[in-house]
Amino acid sequence: MKVAVLGAAGGIGQALALLLKTQLPAGSKLSLYDIAPVTPGVAVDLSHIPTAVEVKGFAGEDPTPALEGADVVLISAGVARKPGMDRSDLFNINAGIVRNLVEKCAATCPKALIGIITNPVNTTVAIAAEVLKAAGVYDKNRLFGVTTLDVIRSETFVAEAKGLNVADVKVNVIGGHSGVTILPLLSQIEGVSFSDEEVAALTTRIQNAGTEVVEAKAGGGSATLSMGQAACRFGLSLVRGLQGEANVVECAYVDGGSEHADFFAQPVLLGKNGIEQVLAYGEVSEFEANARDAMLDTLKADITLGVDFVK
């Protein structure tokens, strides 16, 4: 099993690479790429960690050597948020980066499962899809927007608020991956009840958690460590699905035939071909239904921005 991380010298990429080096199945290969010349050194650094995962690093303009034979590609390349920026401000820089990298994936590893981490995910996933379509290799079951950070934040914040063991808390998060498009389905959490005020406050905190980190770091970065953990969880789930493990389910932003938008985050069953089945997200509360309906114009506009960028 070969996993490639594109953007591996960045804050998310290095955290993700460290976690994958320590957690990928024995015998896996981990391939790191970044434009930054430090990248082969990141691989050497990681190679000193005693796990049976082979690491190689590649720098420069062309990611092709890193992508050859990849089963899973995780793309975190791009610029990070700074105070005062929202995820859409990132679009102007990151859109071109994602387009160029996905073009290389289409040429080098067209059957790989691709997880897009680079923000704004609502838009960059649509860009990736259009690039893959133009290359004639698009398979909607092999492209994912990684929204796992919203899930782990939801699980953490709910556990803290209710005094629960976080390992026992499971939260589905639907919609998209920025602001109001992030919708945690708090009404579905078993054995927990929330007041209307708690639901509103928790939902808002989850939606704005990225800003919480950006402001707390005071211009020194964004949510790199928690995003690295979230991306590792999702990447390992992709690997487990590819290896034939049963009942591997994660939420992800996918082209899943949603009635709501061309791309929509919801639970998916993972398997040997990527998405085996898009799962229904179930009954929602009135608050959640209203929030879902209210986000759709924003989500659709984000998607259109990506489609138009490629065309």
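Cβ atoms are placed via backbone N, Cα and C, with glycine included.
According to Swiss-Prot, the feature active site, proton acceptor maps to His177.
In this structure, Gly11 (NAD(+) binding site) is part of a helix by DSSP. Using a 10 Å radius centred on the Cβ of Gly11 (NAD(+) binding site) and all shown protein chains, the other Cβ atoms total 18. Annotated NAD(+) binding site per Swiss-Prot: Gly7, Ala8, Ala9, Gly10, Gly11, Ile12, Gly13, Asp34, Asn94, Ile117, Thr118, Asn119, Met227, in sequence order.
Over all protein chains present, the Cβ of Arg81 (substrate binding site) has 20 other Cβ atoms lying within 10 Å. The substrate binding site annotation in Swiss-Prot covers Arg81, Arg87, Asn119, Arg153.
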Collapsed DSSP category at Asn119 (substrate binding site):
coil
Filter the recorded positions Arg81, Arg153, His177 down to those whose C-alpha lies within 10 angstroms of the C-alpha of Asn94 (NAD(+) binding site); answer none if the list is empty.
none
Cβ neighbours within the same chain of Gly13 (NAD(+) binding site) - under 8 Å, at least six residues apart:
Val5, Leu6, Gly7, Leu32, Asp34, Ser76, Ala77, Gly228
When you measure from the Cβ of Ala9 (NAD(+) binding site), how many other Cβ atoms are you left with inside 10 Å?
24
Listed binding-site residues Ala9, Gly11, Arg81, Thr118, Asn119, Met227, filtered to Cα within 10 Å of His177 (active site, proton acceptor):
Asn119
